[in-house]
Amino acid sequence: MRSLTVASRHPGAAFSTRRRPLLHPAAAGRDSTFQRCWRWEKTQDSSFGSSLRTSRLPRTVHGDILKNLLAPTAGAVSVEQAEAIADLPKGDMWSVHKFGGTCMGTSERIHNVADIVLRDPSERKLVVVSAMSKVTDMMYNLVNKAQSRDDSYIAVLDEVFDKHMTTAKDLLAGEDLARFLSQLHADISNLKAMLRAIYIAGHATESFSDFVVGHGELWSAQMLSYAIQKSGTPCSWMDTREVLVVNPSGANQVDPDYLESEKRLEKWFSRCPAETIIATGFIASTPENIPTTLKRDGSDFSAAIIGSLVKARQVTIWTDVDGVFSADPRKVSEAVILSTLSYQEAWEMSYFGANVLHPRTIIPVMKYNIPIVIRNIFNTSAPGTMICQQPANENGDLEACVKAFATIDKLALVNVEGTGMAGVPGTANAIFGAVKDVGANVIMISQASSEHSVCFAVPEKEVALVSAALHARFREALAAGRLSKVEVIHNCSILATVGLRMASTPGVSATLFDALAKANINVRAIAQGCSEYNITIVLKQEDCVRALRAAHSRFFLSKTTLAVGIIGPGLIGRTLLNQLKDQAAVLKENMNIDLRVMGIAGSRTMLLSDIGVDLTQWKEKLQTEAEPANLDKFVHHLSENHFFPNRVLVDCTADTSVASHYYDWLKKGIHVITPNKKANSGPLDRYLKLRTLQRASYTHYFYEATVGAGLPIISTLRGLLETGDKILRIEGIFSGTLSYIFNNFEGARTFSDVVAEAKKAGYTEPDPRDDLSGTDVARKVIILARESGLGLELSDIPVRSLVPEALKSCTSADEYMQKLPSFDEDWARERKNAEAAGEVLRYVGVVDVVSKKGQVELRAYKRDHPFAQLSGSDNIIAFTTSRYKDQPLIVRGPGAGAEVTAGGVFCDILRLSSYLGAPS
């Protein structure tokens, strides 16, 4: 093995508190590294070497470059010759940290990194760093421009120099700054010579490119070392090309040589026995000591390899997120940070495209059960996500068994099908041999147990080659009919459901496919290994995000998460929104009921949200962010939002056209809750059709507030019927407005004065005739009659209107109120007649179930009757049944007003939640 030469002024000896100069083989060993690289390149690429030797540079410049690059530093010694000073300790005393380019992006961030390292109480610390943010891309760009003979590579190199010089000046001072800038100048000079040679040759081999690119890590490691040294902490920095040895194993892949790397690390440590070591990420050497890199996510890989070599207690990878998400937060805003993952779960997620770790990063630490912790450098209070051997199972329920979801897009599904495949040995080998020959990557395989077909997923960009190869390979079989087809399905995606404990938990697949079915997602292929670490599903790419949201919401959101659409932000709707705002947090905390208002629709405008309207600002947003009202679009927004498992439309209007849509909404799987009486008191055939659909499906339709506002009238009636009681008669004061009017129509007060008072207090509609006509009471009578099993139409109910015939033609409410006093004498006469009999007047609705009739009328009741005891705007309903024949069951309470009506609607929302699984 060739010696790795290092300068005698190597920083190998750890910094003492006296602050010895920070030096490294970069001063000399880096030149010798270039020598090795250069000697290797001469054997590999004579044209490049010739270009460097014969480039048309001035002789003096050419000579200076070669002297600067190739001359070994005086006094250099080999690693093998270094005298052992200390053995490398191994075990839990080591903690390994890795900081990526974002963490090292500015002088302020490097200072923060130094603080984190210094605050770590571990006995020994090994810190792996990437190049500063964007620097690696800039270095690759340098090489690409140079070999393309683009002179602008010089400007890019100047940008690299300026970036590091500016950072160093902000971070360092005095001798530290002078030493770093001296080395930086020397490195830039060397790079200019190399890039000039590449420019002349028009070509750069991989090892030269790797050598150039690796400088970013060298510079960031030096700057961090100086920053830590400023605190007086002993520190060394390591060029990992001297330690990590890897073997190329394929395109953009390398395999670590752990034994040789361990030997070199021990020798390095014998010269540099520091308690804090700053190591370069990403870069390494081949067994021939040629510079190379660890390819994609190389710095994470470096940290994992080094962590395994020292058998560290933990490897912490610092990034800019709080940990590993349960799904891509760009696609699923409700994705949560996972506290733990097993190695296998992290591997599966990484394979299927989740931004966790590269799968190979996990391999080195698994052998020694070393945890990897993903943490956020910008939020150090967050504990992050721990990836370890077997995380503790907090609760063992179904949801806990599914840890995360990941997706891969831009795939194609290849299906090879034919009766001639069954029982024929070697068919699968022939299929995948053809795929291998064109270098395609098979991501998923699924085979029918009958062996009639095999399908597999490949990247869309590779499917044309795969299809051609399969048609060529099976030309005869296709012609003979042994294979029926080689089919390609384009524009596919994979959704992977990952969880270590899915194998031991029944119902995971059923729950997953139920969620996809409810989201109207068609599954094209399925694969699941016997280990059951993941369930892989192929589906249309256009359905992928919707499927991801539906699956994630089913496993990670509460079963009683409700996507709510409010139609009609008038008096009742506005009050309901305020009640939801005040109570939402309590419901989520105490009952795990998560209510999300996804939209608010008025008659002119509507407000839509994908994740939920902020109810503290809904009024303002309805003014500033609203769009023109469109009921179809509003409903589509709610029904197509499969991010939430349950959807409910709350109609707070009194609009007939809105009520006419209930059937269609229920058919789409949207629950409906309303105080709107129009649907249940409308045409009987529509009502029966609506109720039939409700009973035949698992979609709920609640309308408690249609009768009695917030009073439990409908639920009481249903309870009686469902327990086998027989309803004989329902009689009650159903109108809060008319209850108020007749409760106060006594003594010397005139009827018109009481109506005016009720109007002023807000008890009546803007036009009091809407209340006094009795139609609203008739609708409530119809609703109760139909609940009791009577097939009555609204026209079957005789109604005594309290609006005189002469006033029905008034063109406005004001005109009506002006003319109403002329009828006070008639009302006074009727009241006196009742008083003379010891009675009071009450406006009531009656359902006579026995005679199958209903009516609305003004009746007189004795003063000791419960109906005569009312006050304010209270409602009272008496149920006479087989069980409650002698003493009717009475429900009494406030039956009018926005608060109680909205409260009744709110109760229906909570009732729906309980039906969906909320605790009682």
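Residue numbers in this text run from 1 along the chain shown.
Glycine is no exception: its Cβ is also placed from the backbone N, Cα and C atoms.
Listed in sequence order, PRO628, ALA629 are the same-chain residues at least 6 apart in sequence whose CB falls under 8 Å from the CB of ARG604 (NADP(+) binding site). Here Swiss-Prot flags ILE572, ARG604, THR653, LYS677, GLY762, GLU765, GLY897 as NADP(+) binding site.
Positions annotated as NADPH binding site by Swiss-Prot: ILE572, THR653, LYS677, GLY897. For LYS677 (NADP(+) binding site), the same-chain residues lying six or more positions away in sequence with a CB closer than 8 A to its CB are ALA654, THR706, VAL707, ASP776, ARG779, LYS780, ILE783.
What Swiss-Prot lists as NAD(+) binding site is ILE572, ALA601, THR653, GLY897. Counting every protein chain shown, the Cβ of THR653 (NADP(+) binding site) has 21 other Cβ atoms within 10 Å.
Positions annotated as Na(+) binding site by Swiss-Prot, on the basis of similarity to another entry: GLU704, VAL707, ALA709, LEU711. Annotation for LEU711 (Na(+) binding site): spatial neighbours ASN875, ILE877, VAL891, ARG892, GLY893, PRO894, GLY895, VAL900, GLY904, criterion Cβ-Cβ under 8 Å with sequence separation of six or more.
Positions annotated as L-homoserine binding site by Swiss-Prot, on the basis of similarity to another entry: GLU765, ASP776. All chains included, 15 other C-beta atoms sit within 10 angstroms of the C-beta of GLU765 (NADP(+) binding site).
Secondary structure of the domain 'ACT 1' (416-491), assigned with DSSP and counted as helix (H, G, I), strand (E, B) and coil, comes to 34 helix, 20 strand, 22 coil. The domain 'ACT 1' annotation in Swiss-Prot covers 416-491 and is backed by sequence analysis.
The feature region 'Aspartokinase' is assigned by Swiss-Prot to 93-341. If you take every residue in the region 'Aspartokinase' (93-341) and average the pLDDT, you get 94.
Look at Swiss-Prot and you will find 342-566 tagged as region 'Interface'.
Per Swiss-Prot, the feature region 'Homoserine dehydrogenase' maps to 567-920.
The annotation transit peptide is assigned in Swiss-Prot to 1-92.
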ALA601 (NAD(+) binding site) - helix vs strand vs coil (DSSP): strand
Euclidean distance between Cα atoms of ALA709 (Na(+) binding site) and ILE572 (NADP(+) binding site), Å: 11
Additional residues around Na(+), ordered along the sequence, whose Cβ is within 8 Å of the centroid of GLU704, VAL707, ALA709, LEU711: ALA705, THR706, GLY708, GLY710, PRO712, ILE713, ILE714, ASN875, GLY895, THR901, GLY904
Residue with minimal Cβ packing [other Cβ atoms within 10 Å] among the binding-site residues GLY762, GLY897: GLY762
Alpha-carbon distance [ALA709 (Na(+) binding site); GLU765 (NADP(+) binding site)] in Å: 15
GLY897 (NADP(+) binding site): nearby binding-site residues from ALA601, GLU704, ALA709, Cα cut-off 10 Å: ALA709
Max pairwise CA distance, angstrom, over record-listed NADPH binders ILE572, THR653, LYS677, GLY897: 16
Intrachain C-beta neighbours of ALA709 (Na(+) binding site), sequence separation six or more, cut-off 8 angstroms: PRO675, GLY736, ASN875, PRO894, GLY895, ALA896, GLY897, VAL900, THR901, GLY903, GLY904
Tertiary neighbours of ALA601 (NAD(+) binding site) (same chain, Cβ under 8 Å, six or more apart): GLY565, ILE566, ILE567, GLY568, PRO569, LEU607, ALA629, LEU631, PHE634
Most crowded position, judged by CB atoms within 10 A, among ILE572, VAL707 as binding-site residues: VAL707
